[in-house]
Amino acid sequence: MAKFSALCSLALLGLATAQKPVGTETHEKLTTFRCTVAGGCVEKTNYIVLDSITGHRIYQPAAETLDCGARGAAPNVTACPTKEACAENCAMEGRTDYGSQGVSTDGASLRLQILHDGKKVAPRVYLLDETEAKYEMLRLTGNEFAFEVTMDKLPCGMNSALYLSEMEEDGGKSELNPGGAPWGTGYCDAQCYVTPFINGEGNIKGNGACCAEMDIWEANSRATHIAPHPCSKPGLYLCEGDECGSTGVCDKSGCAWNPNRIAQPHYYGNNDTFKVDTLKPMTVVTQFPTDASGKLAAIRRLYVQGGVVIKAETVHKAGLPEVDALTDPFCEAFGSQRYMALGATGGMGDALARGMVLVMSIWWDETGGNMQWLDGIASGSGPCNATEGAPANIPLVEPNPEVTFSNLKWGEIGSTFQGGARRL
């Protein structure tokens, strides 16, 4: 396992200049690949950084037992009456051992565990570029992205997520956030969540942090889901009131492609009777082809398992077009009204062309929904009953839920994978 440390300084800490440095931040090194049809894949070096809020201790140095706020609300009003005071009064402690947060790398593999010594850690991490100073910006319109995944330890209720967020390349680095990307700041997505800090600065007004989100992979061993989530505003947008809601600036639901929801229950599952057997490692390929004008026209999925390419099946369900990829006609027929209203596939492609940050995480649902939207019988999304995906029940089935993402590759369509005869 390769790890790289940088001594925290006032310029790297992510705090105002009056704040003292607090230790070191150690990034995990990860080998990735850039690919072309003519030249094949070239090895590159990237780094992994934990999210600033969920992966670090943020506290008040003047009263170290006190934090500076919780997810879902503006920051602590005593510590953060203003952004400037918030930067002065709140410290973020560096992480020297990502393993304690369920994160480890080995060459081209990234392992994420939801539990560490029996305690929930649910890590969310971002991909830094080779300098460790900013995020790697992926521009996938007209290209494809591939990765290998081992996920046999993800039962009902788990979610291994690999997706893109239109975060800022520098993580919102500023006078009040001199740390930026190396400290995992700047997260946003189409759910427009309220967090104590946005772009590393105190979120005094309690805004939501909105931006386009491309869910390439949300999955466990029982169900999988692709969902683009376009927004009407480019980049990070601070929403207020109704702008943050279900009819606001971002498509919260997205247009989902889940084999179970399109009458293909035999396609993906946890034994060898399924076309894609989740108990075995697989390569997941997602393609983003364009039309003649250069606009994103579709989002296409295929798998490679055992040296065999497994294409997406053509939809044969009443009311839906007979397509084998996520397209505007599919999304419109599926009832994805906000998706269509907020730019649809072309709008998602615009965000992908501008550049997005790669996010990877593992989590379970503690809101009471038990991840039924992803894998539940009631929602038509999978084979899981209403209670087996409850966080209290998951460790009874699998004591150590985890996922390993390996060999991340992106480049020209057709350049990231190899396989034998297609299996339909």
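From the backbone N, Cα and C atoms, a Cβ is placed for every residue, glycine too.
Features of the protein shown, as given by Swiss-Prot:
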type: ACT_SITE; residues: E213; note: active site, nucleophile
type: ACT_SITE; residues: E218; note: active site, proton donor
type: DISULFID; residues: C35-C41; note: disulfide bond
type: DISULFID; residues: C68-C90; note: disulfide bond
type: DISULFID; residues: C80-C86; note: disulfide bond
type: DISULFID; residues: C156-C384; note: disulfide bond
type: DISULFID; residues: C188-C211; note: disulfide bond
type: DISULFID; residues: C192-C210; note: disulfide bond
type: DISULFID; residues: C231-C250; note: disulfide bond
type: DISULFID; residues: C239-C244; note: disulfide bond
type: DISULFID; residues: C255-C331; note: disulfide bond
type: CARBOHYD; residues: N76; note: N-linked glycosylation site
type: CARBOHYD; residues: N271; note: N-linked glycosylation site
type: CARBOHYD; residues: N385; note: N-linked glycosylation site
type: SIGNAL; residues: 1-18; note: signal peptide
Of C41, C68, C86, C188, C244, C331, i.e. the disulfide-bonded residues, those within 10 Å of the residue listed as 'active site, nucleophile' when Cα atoms are compared: C188
C192 (disulfide bond) versus recorded positions C68, C244, N271, C331 - nearest by Cα: C244
Alpha-carbon spacing, the residue listed as 'active site, proton donor' to C156 (disulfide bond), which is rounded to whole Å: 12
Sparsest-packed among the disulfide-bonded residues, when each Cβ's other Cβ atoms within 10 Å are tallied, from C68, C192: C68
C86 (disulfide bond) in three-state DSSP notation: helix
Fewest-neighbour residue among disulfide-bonded residues, criterion Cβ within 10 Å, set C41, C250: C41
Distance from C188 (disulfide bond) back to C210 (disulfide bond), taken between C-alpha atoms, in Å: 5
Which of C80, C156, C211, C244, all disulfide-bonded residues, has a Cβ with the fewest other Cβ atoms inside 10 Å: C244
Secondary structure at C244 (disulfide bond), reduced by DSSP to three states: helix
Cα distance (Å, whole number) from C90 (disulfide bond) to N271 (N-linked glycosylation site): 49
Among N76, N385, the most crowded of the glycosylation sites [Cβ within 10 Å]: N76
Candidate with sparsest Cβ neighbourhood (10 Å radius) among C86, C90, C239, C331, the listed disulfide-bonded residues: C239
Residue pair C188 (disulfide bond), C35 (disulfide bond) - Cα distance, angstrom, rounded: 28
Cβ neighbours of E218 (active site, proton donor) where a neighbour is any other Cβ within 10 Å: 24
